[in-house]
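Accompanying notes for the structure given below.
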Amino acid sequence: MSDNSQKKVIVGMSGGVDSSVSAYLLKQQGYQVEGLFMKNWEEDDNEEYCTAAEDLADAQAVCDKLGIHLHTINFAAEYWDNVFEYFLAEYKAGRTPNPDILCNKEIKFKAFLEFADEVLEADYIAMGHYVRRSFPENGEKPQMLRGLDSNKDQSYFLYTLSHEQVARSLFPVGDLEKPEVRRIAEEQGLITAKKKDSTGICFIGERKFTEFLGRYLPAQPGNIETPEGEVIGQHQGLMYHTLGQRKGLHIGGRKGGGGNEDPWFVGEKDLDRNVLIAVQGKDHPMLKSEGLLASQLHWVDREPIRDVMKCTVKTRYRQQDIPCTIIPIDDENIKVIFDEPQIAVTPGQSAVFYKDDVCLGGGIIEQRIKYSQA
């Protein structure tokens, strides 16, 4: 086994169990380990402030227990400029962005890596993400692989990473399943062992999303219509809805034509008229797409795809892999055709491509290719 004692790793400590166990495992592997806690949002109410303070206290307690130094850094300005403003602009344009992906790209593997490099003189950074990486020996580019725990795999959120960033990153829990991570934390007496996983928007936490978004973007209520143009309800703002969404339409129990009692789903957003089109039944043709067009492409090996390629794709997190064909348009744009039509393909979200366990990269869904029978 190679000697790690001369290698310094800076672990992104979030105050959660995954980063806690990552730090422990790296220490066991002989690395010089230090922690870095990022503050990426300026809280504006007591509840948020308490949560952030609790996370920092937990991160500090874990570092004290492991005997490692914890640094702190404030990236709130970078987060606002490079993540949050894009997030708002996308919602304003009627799309549904994924801020976690942008946060990884701009903050955790850019601002964090630069600070770890320039100020803390790190050889590697480490995060508590459920992904794996290859360690090639013959000058080949490292690859990013799915996490071993298929239920927790987070490669979808990391597709923007380049092979250079992968080469500088370690993912200690990527080879473990979540119950094992909690077991290790408990065995080592780490305070985060039973702490629940965080959900909600990256760094903004679990506040009420509608209320939160309404603080920054004025909502424009409008009509909910059937595809035939019948008004069947009111929406509070198109930005609060995403394609394929069932909950929150407040038109449940309403029968469609011919006494149809199937549930209603968001089938389309008509931005010009500020109208939400609702359809009945999850198999409605309007919900289906034959493929998609994607741009803002990031390939892990940084080599554009020039030839037609068979692979699989995910158009949202925790989705089953969809067999597909990538047809390059140019270096910045691709067309993707699914083997079978798919529902709820959403502009603004990311399409992430795989060959077996290897994450190839991905792009932003610009538009869906509608089902030809719709």
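Just so you know, glycine gets a Cβ as well, placed from its N, Cα and C.
As annotated by Swiss-Prot, ATP binding site applies to G12, M13, S14, G15, G16, V17, D18, S19, M38, G128, with the evidence given as sequence analysis. The active site, nucleophile annotation in Swiss-Prot covers C103 and rests on sequence analysis. Per Swiss-Prot, disulfide bond is recorded for C103-C202, and the stated evidence type is sequence analysis. Marked as site 'Interaction with tRNA' by Swiss-Prot: H129, Q349. The annotation active site, cysteine persulfide intermediate is assigned in Swiss-Prot to C202.
Sequence features, as recorded in Swiss-Prot, placed on the structure.
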residue	record	Cβ contacts under 8 Å, 6 or more apart
G12	ATP binding site	S19, G35, L36, M38, K108, F112, I125, A126, M127, G128
S14	ATP binding site	F37, M38, D55, A59, G128, S198
G16	ATP binding site	D55, D58, G128, T192, K195, D197, S198
D18	ATP binding site	G128, H129, Y130, V173, V181
Q349	site 'Interaction with tRNA'	T96, P97, N98, T315, R316, I364, I365
**Request:** Sort G16 (ATP binding site) into helix, strand or coil using the DSSP assignment.
**Result:** coil
**Request:** State the count of C-beta atoms found within 10 angstroms of the C-beta of C103 (active site, nucleophile), not counting that atom itself.
**Result:** 25
**Asked** When a 10 Å sphere is centred on the Cβ of M38 (ATP binding site), how many other Cβ atoms does it contain?
**Response** 24
**Message:** With DSSP assignments reduced to helix, strand and coil, which class does M38 (ATP binding site) get?
**Reply:** strand
